[in-house]
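Since the structure comes first, as structure tokens, the remarks are kept for the end.
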Amino acid sequence: MYMIESKGGAIACMLLALLFLGTWPAIMTLTERRGRLPQHTYLDYTITNLLAAVIIAFTLGEIGPSRPNFITQLSQDNWQSVMFAMSGGIVLSLGNLATQYAWAFVGLSVTEVITSSITVVIGTTLNYFLDDRINRAEILFPGAACFLIAVCFGSAVHKSNAADNKSKLQNFNSLETTSSFQIETNPANSELAKEKAKEGTAAFLIELENQRAIKVFGKSTIIGLAITFFAGICFSMFSPAFNLATNDQWHTLKHGVPKLSVYTAFFYFSISAFVIALILNIRFLYWPILGLPRSSFKAYINDWNGRGWSFLAGFLCGFGNGLQFMGGQAAGYAAADAVQALPLVSTFWGILLFGEYRRSSRRTYVLLISMLFMFIVAVAVLMASSGHRK
């Protein structure tokens, strides 16, 4: 099997994982905003997410001089470590499923900020002690503190942007009372009417609400925040569980049984995530939540609208997770939690693809820039804490 041994190689894996893990949520959000049912999207995503793990296992897990390789480990008596890996996959699958519904209520950027910050604060602390403190605490924990500051900015961004949208919708009500005669005869009103469909306007927000699969107008954002915090707790557990699977810190394996390689652990991790996602989403097809329409497995099979995007999201998430674990095994899983700064990437896509924060207030922009700056600092500091596993 191929092993990452240098600190530079580990950091390269983390940076690439950051790009992949920050991009796939944007793709999932894109399909929901175009009206595709989340259950359909998530079932497609689950297939290619597992396929990515299989590809990694049969390529990187089989090449190179290091032993034992992936296939050999499948028949070894290592079920204790396999259970840790599979438990990590279960909580990750639950977290991913929860975020897909949270995005609709509180937006892509805020969801990623809150879940990532919870993940770093809890997950990084657990990984630091599990890895026998190979990461430099004087650098690592200030980096985690930057995430806490970022989540405070993220909450302020959400509150400010919600107030901006409310103001836009109130102004739009008065615009609706303008008669067609006034619009036709008054050039200023005519231009204003054309302006309505542009990103960031009230008309754009209303058009989005009519088109998207999950309707959020009139619903409390507390629902979205509750789902978001649940997802964050789930995400904070998957990396420590994977760490235990590959390094056996609790000495559960029998004497002489090799520890699971990253590739074998990731294979089992992805299988459990696939099974949980499959069961829950098929259940949600027939008994949907949050007011979504009822669907069926047949309807899912025939729904090709956005399927390619959903498959791409699964591949990106699968390869992103694999790269994160490869980097973590080499430089410490606490340092690898730097990839949780994925709001850096997802916020970029949110602005570029969805028009988030367009025509917002100056206060919102200042808070948004402050939030992103703190994430940049957090990534740099956490990666600087990278150690070397002996």
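Just so you know, glycine gets a Cβ as well, placed from its N, Cα and C.
Those TrEMBL annotations? Automatic predictions, nothing curated.
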Labelled transmembrane segment by TrEMBL, one stretch among 108-127, 308-327. Can you tell me which?
308-327
So which of 82-103, 222-245, 308-327, 333-353, 365-384 has the most C-beta pairs under 8 Å when paired with the transmembrane segment (265-287)?
82-103
Among 41-61, 222-245, 333-353, 365-384, the stretch with the most Cβ pairs under 8 Å to the transmembrane segment (139-158) is 365-384
Does the transmembrane segment (222-245) make contact with the transmembrane segment (41-61) through 3 or more Cβ pairs under 8 Å, each pair 6 or more apart in sequence?
no
